[in-house]
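Reproduced below are the annotations present in TrEMBL:
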type     : residues : note
DOMAIN   : 17-364   : domain 'ABC-2 type transporter transmembrane'
TRANSMEM : 18-38    : transmembrane segment
TRANSMEM : 179-203  : transmembrane segment
TRANSMEM : 224-250  : transmembrane segment
TRANSMEM : 256-278  : transmembrane segment
TRANSMEM : 290-307  : transmembrane segment
TRANSMEM : 344-366  : transmembrane segment
């Protein structure tokens, strides 16, 4: 127990790591949120409308879009109208647009074709379109039949998208303060791997003296040092979670609390193993700290989760899915924004496996050095 307490005390005396962690979690989210909020003041949206140009209803629909474009400040619309005959000639231009609205008057059907990742603007225009044509359908039915129509008479019956499954969150819909506070929380937990490195490197440096002065085996001694590092990192993670909840309004509820704690514990374990790995391969203390920083930075950048618009980069390289930061970060953001997690156990499993692999490699390297 005394060894665990000494490891905790040694970690808490590391002022540089603590100050760096506070800066990561408190200051950087605020700075990044200002930059990104300023960068995304207005969303530009290209719309292609395919239908009969001479239809009075379609003309009214275009006027409704024009009114919306004038009145709102967040979405800028640029639209073009094509007849079905013009569609084939301009197919490349239509495919480049963010949203295509295909109006079939004869079959009383509307088809939406959006980008793979539905944006806030596209959802708004889709909603306006559905509301407009369903309202027109009501007026037509009342005029012809003299009664309110049933649901089967509605003009909008089919809504199709190029994307499949659930709609993903996108940059335009994100609260940047919350987003970056969650990302920086995860990076800060991994960055504290420097504490684990210093504690294990301390034993490695004095391995002969510690072996003589203590009847305990070196492996058990190292394990107790790692437990002490884990307690410090996990404790800091919980404190930082409470801090971003107060400062940035990150939602902590009964539904997502256990999931968050589980992810923080796995991140803490991974952080400990990163520190152990750095200790096993480095001969100098200063080099080891830099190795920890490089590993954490590479993991964050390769995940595509560090910045909102980097996500597609990670999707295009399948091998990056082995990066535990990808899974953990996605589930953390899902818990914060949606209050539930679809792949929590997968994320925990990937994180634990990565920790075990790093630990096994580190122990193998250290055992060889001890033998020599």
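Cβ atoms here come from the backbone N, Cα and C positions, even for glycine.
Describe each of these features in terms of where it is and what it packs against.
Long-range Cβ contacts of the transmembrane segment (18-38) within its own chain (Cβ-Cβ under 8 Å, at least 6 residues beyond either end) map to 12, 171, 176-177, 179-181, 183-185, 187-188, 191-192, 236, 240, 243-244, 247-248, 308.
Residues 3-8, 10-12, 21, 25-26, 29, 175, 177-178, 181-182, 185, 188-189, 192-193, 195-196, 199-200, 202-203, 260-261, 264-265, 267-269, 271-272, 275-276, 336 of the same chain lie 6+ residues outside the transmembrane segment (224-250) yet bring a C-beta within less than 8 angstroms of a C-beta in it.
Outside the transmembrane segment (290-307) by six or more residues, the chain places 183, 186-187, 190-191, 193-194, 197, 274-275, 277-278, 281-282, 313-315, 320, 323-326, 329-330, 333 with a CB less than 8 A from a CB of the stretch.
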